[in-house]
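Copied over from Swiss-Prot, here are the features:
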- C273: active site (ACT_SITE)
- R81, Y220, G221, G222, S271, N387, S388, R389: substrate binding site (BINDING)
- K229, H249, D296: Mn(2+) binding site (BINDING)
- A272, C273, G274, K275, T276, N277, R389, R420, F515, G516, E517, N518: GTP binding site (BINDING)
Amino acid sequence: MTSATIPGLDTAPTNHQGLLSWVQEVAELTQPDRVVFADGSDEEFHRLSAQLVDAGTFTRLNDEKFPNSYLALSDPSDVARVESRTFICSEREIDAGPTNNWMNPSEMRTLMTDLYRGCMRGRTMYVVPFCMGPLGAEDPKLGVEITDSEYVVVSMKVMTRMGTAALEKMGQDGFFVKALHSVGAPLEDGQADVPWPCSDTKYITHFPETREIWSYGSGYGGNALLGKKCYSLRIASAMARDEGWLAEHMLILKLISPENKAYYIAAAFPSACGKTNLAMLQPTIPGWRAETLGDDIAWMRFGKDGRLYAVNPEFGFFGVAPGTNWKSNPNAMRTIAAGNTVFTNVALTDDGEVWWEGLEGDPQHLVDWKGNEWYFRETETTAAHPNSRYCTPMSQCPILAPEWDDPQGVPISAILFGGRRKTTVPLVTQARDWQHGVFIGATLGSEQTAAAEGKVGNVRRDPMAMLPFMGYNVGDYVQHWIDIGKNSDESKLPQVFFVNWFRRGEDHRFLWPGFGENSRVMKWIVDRIEHKAGGKTTPIGTVPTVEDLDLEGLDANPADVSEALAVNAQEWREELPLIEEWLQFIGEKLPTGIKDEFDALKERLRDAE
């Protein structure tokens, strides 16, 4: 079929010649049955969702409990980001660095072009214009995803500002990121489709210099919703390096004191370490309130006043379901319960609701994420996949900050880094200065989780929680953070802190209750910013004593809190070789500022008790 005979190509709702020629080129290569330009309307969402129900991809949920919501069950081989198949194809291998997979870009283009040839046969090719961040921004970051997955189109409406408004923003010649996606499952005449098409061959490829994303073979969230990690972190981090800003794997939280003063805090944690829970914090301290601006990604630019301002480029939440419940994150539950949600790989109850491990209730019978019968206390496997997800509109969140759609963003007072560590790392530490804060972030260690392939439980270094998401060399990335500090007024920069909610005692109990009680740590952070709270100087930074924290009304043993705050110099001396191994791995591009910080830490620990 030539492009001239592919229905839909000749009725494009745009005169953008660059877009039109790209769409035609892709259609000629992939050979879809038809081309549809997505408009982002509610009607389109309903129509495609109904189509997915008919295809067996979606199950419509109980409308009384989850209005306009659906459950999708993926192929068991397509359940998470595939870091081993994710590539940064920079022109030079050194620019991808040691943390990324690299292939020569011309070789990768040849290889993937062969995969794309005819790959949409029997399917509809959707052209999905979208904007990351508010449409009213001075420099809106636009993109177009071409995909053969209705699941992607529906999810992109939730996760991005998608459709006609984004297309109009592009005008006739505006720049956009080209994001090409196919599930890699062409259909021959008469061939029946499967509920979750995908391919055993998977590539998620980024070309940072040309700002392109090519994805093949996976229908799963992070591999297929190309506005998310692919654009908002991997491509955007390369843009940010070139343009002097930061694209980071961070939540954005607004804390409001009893005096009604607002503080905006950005926090970077690896996946499944409590980002969404902190983003939707429900403070337990009287008089304190919290609102959310985002749970996953922050773009930070300097304002005219010299402060760092953050926006959330996303439009929805794509949260890990297991462990989310009315105690751990009531605001996430309220957001989901408002409806318009796409669940993936959770379990289905007999009355058309969803369930996952950690959710209240003990259903006796379920259909699990693989579509099999599941019985309480009889079936040995989990009912929901550990990386199962909910995809839900941000606008439904009951504690959404009114500034969430402000193109100017919000001024950041503190940046938090955090990971999941049973030992060594105290509950909260304040960095000595910006460069020390960058060192803390660059050497962040966390026990591995189910959000990516790999062995659960291993501690891996995850700089700024960006290990899987840096679009260029890790050494250059860390140097960019240092340069952000050097090129600004340090008095206006956010204060940097490190938190660890997950420290355990010798009996393996969590020493800190976490969840809403984390507001007590946040209060100390705010009071440090205001120079109102005490703290103890330690070799790793300033750590509060038990007396420095507001523990009034806390149902916890002060001895446990003291242990959670402890800085054990011997444990840290044992940590030094692990940090050094990571710094050696970064290699020749390791910033001298980071080496200086490491040497200074060794010196401070040498004489510490």
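The backbone N, Cα and C atoms fix where each Cβ goes, glycine too.
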Which of Y220, F515 has the fewest nearby Cβ atoms, counting only those within 10 Å, among these binding-site residues?
F515
Rounded to the nearest Å, what's the C-alpha distance separating S388 (substrate binding site) and A272 (GTP binding site)? Just drop the number here, would you?
11
Position of peak Cβ density within 10 Å, selected from the binding-site residues S271, N387, S388:
S388
Other CB atoms, at most 10 A from the CB of G274 (GTP binding site):
23
Just to be sure I understand: of R81, S271, R389, F515, E517, which binding-site residues have a C-alpha no more than 10 angstroms from the C-alpha of H249 (Mn(2+) binding site)?
S271
What count of other C-beta atoms do you get within 10 angstroms of the C-beta of E517 (GTP binding site), across all chains shown?
19
About how far apart, in whole Å, are the alpha carbons (Cα) of D296 (Mn(2+) binding site) and G222 (substrate binding site)?
12
Sort C273 (active site) into helix, strand or coil using the DSSP assignment.
coil
